[in-house]
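Written below as structure tokens is the structure these notes are about.
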Amino acid sequence: MLGLRKSDATLLLFVVAITILAPFILNPFPTNSAMAQFNGGYPDLMQRFVIFGIFAIGFNILFGLTGYLSFGHAAFLGVGSYAAIWMMKLLTMNVIPAIIISVIVAGLFSLVVGYISLRRSGIYFSILTLAFAQMSYSLAYSVLTPITGGETGLQPKNTDPRILDTLFGGGGAGGRANFFGLDMRDSYFWSVGDWSFVFNTGYYVAAILMIAAFYLSIRIFRSPFGLMLRAVKSNQQRMNYTGLNSRPYTLAAFVISGMYAGLAGGLLVAMDTQVGAERMFWTASGEVVLMAILGGAGTLIGPVLGAGFIKYFENIVSKINESILQGWFAALPDGLSDFMVAVIYPFIGKGWHLTLGLLFMLVVIFLPGGLVEGGQRIAALFRRKPKDNDGGMSAQATPAE
Amino acid sequence: MGILEVKNVNKRFGGLQALGDVNLDIQENTVHAIIGPNGAGKSTLLNCLIGKLEPDTGSVTFDGQPVLGRKPHEINQMGISRVFQTPEIFNDLTVMENVLIPCFAKRDGAFRMHAVGSVASESDVMETAEKMLSDVNMLAKKDVHSGALSRGDKRRLEMAMCLVQEPKLLLLDEPTAGMARADTNNTIELLKEIKASRDITMVIIEHDMHVVFSLAQRITVLAQGTPLVEDTPEKIKGHPKVKEAYLGEAAA
């Protein structure tokens, strides 16, 4: 199907089904129940799942295949965002031109950064990319204020020219980001008994792009180009003595992953029309590294899982506060309830990084192949018979170093 | 004029003269061995031929074209392949993938952006790779992770990866180093088969005289960075200078 072999096609269908049904899957608890705070099915978070999924899929094409660890990919995300918001200010609030330009600008920027950074490998490459990203951040924050809005960042204003919108009569959605008139923030609510599900325009636009991005990454993984990228990771010396020039291969991978980051940046603006320089900060670059490793670097589905996992934690665990905790343990005797609250408190709310950090350590130590490896082990347990012809997500997993 | 000409090559590492005025003329379609005691500069010479090291002076010409100053991948694309002392293969990839990579390098050159079609759909390359694997008796292992292969199999795989590119010149750096006698003999047989079945020039660096005298048609003896003698194996065997070079090392 679609030029994919059977296991890949199954995986793609699985991802399509999950993304389409996400509003149901992420809202498993009734709205009024005590568990409702674990529901992740609201537009803002669902959009983040797929957008950061795109970011991580692209990052994985570089890191997972070639082994080159970029510590500056947030710069491409940020550049894509700035490009997108300028498109909205100058041309139209329709998201399509904004998204296209964000991919192009991020691609050009990553060509420059990659051309210079790829002159070195290993830790020096990582440091060069980090330096570029931090320079971009500082520039956006101070020197380039006329273009980037500095500390305040950029938002669309009523005084923006928006040439195309003026030409074709206001753009329809009254200064809101839209897809040919469909407001990205529009949602359809569907209540079934105690459950409530939200279907958001912006989410589905981003989800379709993520599916396309995922499909493209499968094609790249299975192509001769993907094979060459894995050769870079495995033995660059042998590759060069086999008559292959590894530099353009790594540069192409770098630019492709930069374009994915730009697409994610453009989509962030399409969902929420504002940009600030903090989007390029080094912690944002580090986050996508965590996503790829947590999910399983070098696997197809891993980065998507990692992105979902981290964004879920960031948004859900961080919202649990002390009073919610007390509610959970209210049934216990007083002393015990206070004790439980005191023990768990550091791991929730603002302490969510602590929980994530511990989980990350556990995964790296016990599941070097990330969540994908965890899934395979569980699948193997259920299968009983140790057979190797497993379908779906395990077929492409290469043992991570 | 030979296929590979080395003229007045000098290489210094600090105070050490690793190569001093090396001149070599390697004839097409021969097996040429370079022998010599440890530290004679054999590996340095080989590294100069594949672009890993740049000599201080001198010239290297392959098939009438200058070699020096080119990048390793360019030298390979001219038709020079190299087998390393410890087999250099893609350990993280399967045996089949290991052979596919040089097939693509041969067909598409140093770089080609074919990122959309799948590897499996490239039937001509798949066929070439499978045929090569069956030639070296490794077809049954084509889906094995190559890192898990035995040393002898890794060596055979590396040879297959070089041969599938149909090089004009194959450089072998101690192809039997660290091998048991049986494996060594298998490697000799494999190299003989390779030589018999195609037009290929081989340059072998080797310590093991059994290997050298089973394969080589010409032998150059290198000592302290300079070629001592170059002759046929029969003449080399009894040559006084050669005995001196080796015995001198043993005495020291």
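Note: Cβ is positioned from N, Cα and C throughout, glycine not excepted.
Annotated transmembrane segment per TrEMBL: A:9-26 (among others), in sequence order.
Marked as transmembrane segment by TrEMBL: A:46-63 (among others).
The transmembrane segment annotation in TrEMBL covers A:94-116 (among others).
Taken from TrEMBL, the feature transmembrane segment applies to A:123-144 (among others).
Long-range Cβ contacts of the transmembrane segment (A:201-221) within its own chain (Cβ-Cβ under 8 Å, at least 6 residues beyond either end) map to 2-4, 8, 11-12, 15-16, 19-20, 22-23, 43, 46-47, 50-51, 53-54, 57-58, 60-61, 65, 95, 99, 177, 179, 182-187, 256, 260, 263, 267, 270-271, 300, 304, 396. Annotated transmembrane segment per TrEMBL: A:201-221 (among others), in sequence order.
What TrEMBL records for A:248-269 (among others) is transmembrane segment.
If you look up TrEMBL, you'll see A:289-313 (among others) marked as transmembrane segment.
Annotated transmembrane segment per TrEMBL: A:325-348 (among others), in sequence order.
Residues annotated as transmembrane segment in TrEMBL: A:354-375 (among others).
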Answer with yes or no whether the transmembrane segment (A:325-348) touches the transmembrane segment (A:46-63) by the criterion of at least three Cβ pairs under 8 A, sequence separation 6 or more.
no
Chain residues in Cβ proximity to the transmembrane segment (A:94-116) (below 8 Å; excluding those fewer than six residues from its ends, i.e. six or more beyond):
72, 75-77, 79-88, 128-129, 132, 164-165, 171, 177-180, 184, 205, 209, 250-251, 254-255, 257-259, 261-263, 265-267, 269-270
